[in-house]
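**Q** Encoded as structure tokens, here's the structure I'll be asking about.
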Amino acid sequence: MRIAVLSGAGISAESGVPTFRDDKNGLWARFDPYELSSTQGWRDNPQRVWGWYLWRHYLVADVAPNAGHRAIAAWQDHAEVSVITQNVDDLHERAGSRPVHHLHGSLFEFRCARCAKPYTGELPAMAEPALEVQPPVCGCGGLIRPDIVWFGEQLPDEPWRRAVEATESADVMVVVGTSAIVYPAAGLAELALSRGAAVVEVNPEVTPLSASATLSIRETASQALPGLLQRLPALLN
């Protein structure tokens, strides 16, 4: 069986990673998300944007994969599994999943905003949240930015291409913890359905996908995913 997993913020929220809408420590609560996650916000105040992302980087480093992440990784022993994620954390990888296609980038990868060269140098230490942090500087003189897809930016070509390939070849797509409103990622479930794959939605809340999904499970990832692989044949018949 070939399984494509599309994961969103809900699965990581169970590990203590705030969702994007909640991911603002008191220092940044007064800022609109656009100010912290856009090229315009970066141009206006790169120190503030860097401070916010560096705080998120260290926050995620301190949490652990949950039962949902571990279940998906365990499926690899019984099926061909590809993970497509809208999340910018590394919890799928730490649980053991391979491959993982990050559609929106990663909090653990950085690049020069000017020349795009990847940055693997030291990061500023952060014992506690700081409103503004000076970004590292590339050899070309450009500032180092998080390798994250900001508002208005295109998805990275290679992860998107591989996500589409995994979706097109899947027998089953499991959509977990995503609102199903952020495109183009939300269109992957529609693509899977159009190609005859079963789409299983795992989400405590009703989403725009719920009406068309083959099966909707109103549970969290850590509740539904352990044991789901063994239950799939009966659930889908």
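Using the three backbone atoms N, Cα and C, a Cβ is placed for every residue, glycine included.
Keep in mind the model is a prediction, meaning the values are calculated, not measured.
Not my notes, these are from Swiss-Prot:
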DOMAIN    1-235  domain 'Deacetylase sirtuin-type'
BINDING   8-28, 86-89, 177-179, 203-205, A221  NAD(+) binding site
BINDING   Y53, R56  substrate binding site
ACT_SITE  H104  active site, proton acceptor
BINDING   C112, C115, C138, C140  Zn(2+) binding site
**Q** Where's the emptiest Cβ shell within 10 Å among the binding-site residues G8, G16?
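**A** So among G8, G16, the binding-site residues given, the one with the fewest Cβ atoms within 10 Å is G16.
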**Q** Excluding C112, C115, C138, C140, please set out which residues of the same chain place their CB within 8 Å of the center of the CB atoms of the Zn(2+) site, keeping sequence order.
**A** A113, R114, A116, K117, G139, G141, G142, I144
**Q** Filter the binding-site residues Y53, R56, C115, C138 down to those whose C-alpha lies within 10 angstroms of the C-alpha of D89 (NAD(+) binding site); answer none if the list is empty.
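**A** So far as Cα distances go, the binding-site residues lying within 10 Å of D89 (NAD(+) binding site) are R56.
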**Q** How far is it from R56 (substrate binding site) to G8 (NAD(+) binding site), counting Cα to Cα, in Å?
**A** 16
**Q** Nearest by CA distance to C138 (Zn(2+) binding site): which of the recorded positions is it, out of S12, G16, Y53, H104?
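**A** Result for C138 (Zn(2+) binding site): the nearest of the recorded positions is Y53.
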**Q** Who sits close to S12 (NAD(+) binding site): which same-chain residues at least 6 apart have their Cβ under 8 Å from its Cβ?
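**A** S12 (NAD(+) binding site) has long-range Cβ partners N87, D89, L91, G177.
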**Q** Taking only the recorded positions G8, G16, Y53, H104, which one has a CA atom nearest to the CA atom of C140 (Zn(2+) binding site)?
**A** Y53
**Q** So among Y53, H104, C112, C115, all listed as recorded positions, which is physically nearest to G8 (NAD(+) binding site)? Use the C-alpha atoms.
**A** H104
**Q** Starting from the Cβ of the residue listed as 'active site, proton acceptor', draw a 10 Å sphere and report how many other Cβ atoms land inside it.
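**A** For the residue listed as 'active site, proton acceptor', the 10 Å Cβ neighbour count is 20.
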**Q** Using a 10 Å radius around its CB, how many other CB atoms surround C115 (Zn(2+) binding site)?
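**A** Neighbour count, Cβ to Cβ under the 10 Å cut-off: 11.
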**Q** Which whole-number value in Å describes the distance between the Cα atoms of G16 (NAD(+) binding site) and Y53 (substrate binding site)?
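**A** About 16 Å separates the two Cα atoms.
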**Q** Whole-number Å only: compute the distance from the Cα of C115 (Zn(2+) binding site) to the Cα of H104 (active site, proton acceptor).
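**A** Spelling it out, the Cα of C115 (Zn(2+) binding site) and the Cα of H104 (active site, proton acceptor) are 20 Å apart.
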